[in-house]
Amino acid sequence: MTQYIFITGGVVSSLGKGISAASLGAILEARGLRITMIKLDPYINVDPGTMSPFQHGEVFVTHDGAETDLDLGHYERFVNMRATQFHNCTAGRVYLEVIQRERKGDYLGKTVQVIPHITDTIQQYILRAAQGADIAMVEIGGTVGDIESLPFMEAIRQLGTKLGRRDTMFIHLTLVPFISAAGELKTKPTQHSVKELRSIGIQPDMLICRADREIPEDEKAKISLFTNVPAKAVISGLSVKNIYEIPMLYQKQGVDDLVVKHFGLHVKEANLGDWEKVVDAINHPEHEVTVAMVGKYVNLTDAYKSLNEALYHAGIKNKTKVNIRYVDSEDLYSQGTELLAGVDAIVVPGGFGNRGVNGKLRAVQYAREENIPYLGICLGLQIAVVEFARNVLGIKNACSTEWDEKTDEPIIALVAQWVNERGEVEQRDKKMDLGGTLRLGALPAKLKAGSKIATIYGSEIMNERHRHRYEVNANYEKRLEAAGMRISGRSADNDLVEVIEIPSHRWFIGLQSHPEFTSTPLGGHPLFSAFIAAALDYQTERLS
């Protein structure tokens with residue numbers, strides 16, 4: 001039978017509930033438990049797919065093609081789980097489902113209300129996603145007291161009552177700020193946050209108190225007194241240099257022991273040796289490289305969260321500190337390639353629309369002509385193909401129909417049709433809704449024998465996640481290959497271009513997929529490890 005941990009947050013947003021939950025999940029998994037993690041988001045969007053990265057950060061794509069919250073990326077990086085569409089439940093999705101049922105007459109003429117119809121649907125999502133796990137950890141987005149989150153809070157309160165206290169646990173994250181003028185930590189915000197939580201019927205079993213310094217025992221006792229949480233369950237959530245230290249931080253304070261005792265479990269002790277090796281590799285690198293990331297969302301680096309982490313994971317594998325130099329593509333176009341001076345590799349990540357495209361084209365040209373390692377992801381592949389067509393093939397008007405619908409040289413064009421992972425034919429055109437109309441999820445690709453990408457993967461098949469609408473136009477493929485660009489990967493039906501390389505270049509690869517979504521700190525990812533290794537080789541040659 002699955003047992004449930006519900007994680008809520010109070011005082012302020014952005015306390016790191018996702019990281020905290022994932023870190024606890026990693027410890028519990030190390031104790032031999034099967035863990036799954038679920039995110040409940042109170043916004044009305046059906047999914048974050050059409051939200052601006054400046055509003056929401058990265059859209060994390062699951063194996064089955066759901067566009068989800070970036071916290072699911074944390075879950076998959078910390079815990080050995082494969083998230084699905086049911087592991088991220090938004091208010092918009094819940095309301096849409098309930099309204100659709102009402103229109104079909106499923107409620108048999110009843111008045112449809114928040115309680116029980118909305119709250120029951122939320123609970124159904126939780127129970128469905130939790131199947132097969134020993135412990136399901138459920139993070140509720142937002143802050144206690146937000147009007148948007150009330151249906152979700154009520155849903156988990158009801159579920160806790162139905163399942164019983166022995167099978168449910170509530171963990172609340174709060175902030176304990178240090179007031180420099182007074183020279184002390186203040187516990188009052190935490191007291192009031194728990195009071196708000198208790199007013200809706202939820203008594204927390206554990207508090208994780210975010211602070212920039214250790215919380216003294218007398219302050220923990222004070223928090224315990226006013227919140228009805230045992231002092232030993234008041235945990236210091238200290239800020240750390242890197243997030244992969246957090247499992248050890250929590251284990252030292254006995255967080256996992258509190259969970260195991262609460263649920264009455266008899267399991268082995270956690271061995272976090274692998275996590276300790278990760279932290280040691282981060283803290284004691286033997287080398288250092290600088291990678292330029294050229295994009296248009298660089299002022300909010302969470303827009304590239306999984307890519308950032310994948311590069312850091314590759315650094316771990318290469319015993320290398322990876323410094324990411326974020327370069328705004330519009331600045332690059334206006335100020336020139338001096339912004340790329342001294343970098344050891346260049347990556348152009350995914351994106352949509354035509355803003356900043358010219359700067360990305362300039363970055364690709366610089367990498368190609370200066371023989372600097374280049375990795376293009378999704379849009380980064382398309383940019384590389386257009387740049388090659390313009391400056392090598394001499395097709396000066398080469399463009400994407402995403403940037404110019406009337407272009408007479410559509411090197412990149414709309415994906416009109418493909419077969420999805422379920423074997424169903426998907427069709428798209430420009431008149432369709434934006435939301436949920438991309439080529440999404442993990443899709444297999446065949447790699448050309450002897451290609452660099454096949455060597456890196458150690459296989460002639462790869463299966464990475466996608467999120468795009470546009471593809472390389474098949475009418476230009478022969479000309480591209482004749483000029484020196486190799487199409488080294490195609491979708492399993494040999495239809496769509498998945499990977500391109502320039503064999504004459506030291507390391508130049510573009511992928512239509514998003515391999516960053518499957519990189520983990522413990523396992524890394526072969527593509528990014530090879531990319532950072534190439535950056536090291538280039539640096540050695542550049543400095544010699």
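One is the number of the first residue shown, and numbering goes on along the chain from there.
Using the three backbone atoms N, Cα and C, a Cβ is placed for every residue, glycine included.
According to Swiss-Prot:
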{"type": "ACT_SITE", "residues": "Cys378", "note": "active site, nucleophile"}
{"type": "ACT_SITE", "residues": "His514", "note": "active site"}
{"type": "ACT_SITE", "residues": "Glu516", "note": "active site"}
{"type": "BINDING", "residues": "Ser13, Lys186, Thr187, Lys188, Pro189, Thr190, Gln191, Lys222", "note": "UTP binding site"}
{"type": "BINDING", "residues": "Ser13, Asp146, Ile147, Glu148, Lys186, Thr187, Lys188, Pro189, Thr190, Gln191, Lys222", "note": "CTP binding site"}
{"type": "BINDING", "residues": "Ser14, Leu15, Gly16, Lys17, Gly18, Ile19, Asp71", "note": "ATP binding site"}
{"type": "BINDING", "residues": "Asp71, Glu139", "note": "Mg(2+) binding site"}
{"type": "BINDING", "residues": "Gly351, Leu379, Gly380, Leu381, Gln382, Glu402, Arg469", "note": "L-glutamine binding site"}
{"type": "DOMAIN", "residues": "290-541", "note": "domain 'Glutamine amidotransferase type-1'"}
{"type": "REGION", "residues": "1-265", "note": "region 'Amidoligase domain'"}
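Cα separation, Glu516 (active site) to Ser13 (UTP binding site), rounded: 26 Å. Each residue contributes its Cα atom, and for Ile147 (CTP binding site) and Gly18 (ATP binding site) these two points are 21 Å apart. Computed over the region 'Amidoligase domain' (1-265), the whole-number mean pLDDT of the model equals 95.
According to DSSP, Lys222 (UTP binding site) is assigned to a helical segment. With a cut-off of 8 Å between CB atoms and residues at least 6 apart in sequence, the same chain places Thr187 near Lys222 (UTP binding site), listed in sequence order. Proximity of Leu381 (L-glutamine binding site) to non-local residues of its own chain (separation of 6 or more, Cβ distance below 8 Å) is seen for Val472, Val497, Val499, Ile500, Gly510, Leu511, Gln512, given in sequence order.
Taking the Cα atom of each, Gln382 (L-glutamine binding site) and Thr190 (UTP binding site) are about 49 angstrom apart. In the set Lys17, Asp71, Glu139, Lys186, Thr190, Glu402, none of the binding-site residues has a C-alpha within 10 Å of the C-alpha of Cys378 (active site, nucleophile).
If you count neighbouring Cβ atoms within 10 Å for each of the recorded positions Cys378, Leu379, the highest count belongs to Leu379. For Glu139 (Mg(2+) binding site), the nearest neighbour among the listed binding-site residues (Ser14, Lys188, Gly351, Gly380, Glu402), judged by C-alpha distance, is Ser14.
Just so you know, of the binding-site residues Leu15, Ile19, Ile147, the Cβ with the fewest other Cβ atoms around it within 10 Å is the one at Ile147. Between the C-alpha atoms of Lys186 (UTP binding site) and Gly18 (ATP binding site), the distance comes to 24 Å.
In the three-state DSSP reading, Gly380 (L-glutamine binding site) counts as helix.
The Cβ neighbour count for Lys188 (UTP binding site), using a 10 Å radius over every protein chain in view, is 13.
All chains included, 27 other C-beta atoms sit within 10 angstroms of the C-beta of Asp71 (ATP binding site).
Across the recorded positions listed here (Glu139, Glu402, Glu516), the residue whose Cβ sits among the most other Cβ atoms within 10 Å is Glu516.
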